[in-house]
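Now, the feature entries from Swiss-Prot:
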| type | residues | note |
| --- | --- | --- |
| REGION | 1-92 | region 'Disordered' |
| COMPBIAS | 27-39 | compositional bias 'Basic and acidic residues' |
| COMPBIAS | 48-66 | compositional bias 'Basic and acidic residues' |
| MOD_RES | SER79 | phosphoserine |
| MOD_RES | SER87 | phosphoserine |
| BINDING | ASP139, GLU141, ASP277 | Mg(2+) 1 binding site |
| BINDING | ASP139 | Mg(2+) 2 binding site |
Amino acid sequence: MDQYLIKMSTKSKNNDKTEQNIPIKENTTRQTKDAKEKIATANKRKNKDTPEIIKDKENADTENPPKRRSARLTRSTRSMAEDGTPSPEKEIPEKLPFIKYRGAIKYYTESHEIAASADEVMQWVEKQTNADVVPLAFDMEWPFSFQTGPGKSSVIQICVEERCCYVYQLSKLKRIPAALVALLNHSKVRLHGVNIKADFRKLERDFPEVAAEPLIEKCIDLGVWCNEVCETGGRWSLERLANFIAKKAMDKSKKVRMSKWHVIPLDENQLMYAAIDVYIGQVIYRDIEQREKTKLKNEAEFKDQNGDAAFKAVKALGETFLAKINEVTL
C-alpha cells in the first residue's frame, strides 16, 4: 500500500540538519479526519438548543445564581466593584462633626507680655473660691525634622475657660517667665492633657527652670482618667478621646502639625490648631468629670440596695475584665 511521507528536520552529531522520512499510514490519517468530523458535529448539535432548553437553563440560573467569589477588596479595587459596597471586614466609621472654636485666642511672643498674661490668669484662678481645683488644659508644640528630630519647645497653650485660650510662643525666650512657672505650679491649678507627662519632661529639658516632677505628681492624663471612669482600656490620643467623649472630629492636618512652630508670627491656621487642642481638652475634662460624678452616685445607690459584698464582687469582676482588655490593647 502506498505511504504518505512527512519531512522533518533532525540534527546530526555534527549539528548538520538532515531530513528524516517518517512513514504515516493512510488509514491513520483517515481515522484522525473522522474524529475531527465527529467533534464538529457534536458542537453544532450543542449550539442548536431548542427554545425550551434555553428557557429551562435561564430558569435554573435565576433560581440558583452563581455564588460570588469572596474577595478582600482594597481601597483601589473597591471603587471598581459593581455593587460599590465596602469591605465587610471594616465597618464604616460614624461621621462626626468637626470641632469649631469661636472663642478668643490670646497670643503672646514677648517675655514681658507672657509674664503679664500668666499673672492675669493666676489672679483669676485665685478668685475661684468655690472650687478647690481649677482645671487648665495644657499642651505644647515644637518643630520636627526627620533629619534632626524634635526641635526646642516652641509653644505652650492653655485653656482656662472654654471661651478663651492662651498661646505663648517661646521662640525668643532664653528663660520662661517666673509668672508662667508660678501659674503652672499653683496649688489650685490642675493641668491636664493627653500624654502630658512627656510634655513636662521635654519642657524641663529645654527650659531647666521648669521642674517636671512636681507638675507630673498633680497632673491628670485624660486617657488614663477615661479608662478609670468609663471602664475602657488601652491608650488614647487626643483625637480618639474627642471622638469617644465629645463626639467630635479633629482636623489633624499634617501640614499644620508638622509646621514651623518656632517661626514668629504663627499664622491663623497654627493659632486655631493650638487653640482647638486645649479647648477640646477642657471639654473632655468637663465631660469625664460629670461621668465620674454620675458613676459615684450610682455606685453609692448600688451599695445601699445590695450591700458592700455584692458591690465588691461586681467591682472585682469589672477589674478582671479590664485587665484582660489591657493585655490585648497595650
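Even glycines carry a Cβ here, placed using N, Cα and C.
Cβ neighbour count for ASP139 (Mg(2+) 1 binding site) (all protein chains, 10 Å cutoff from its Cβ): 25.
ASP277 (Mg(2+) 1 binding site) falls within a helical segment according to DSSP.
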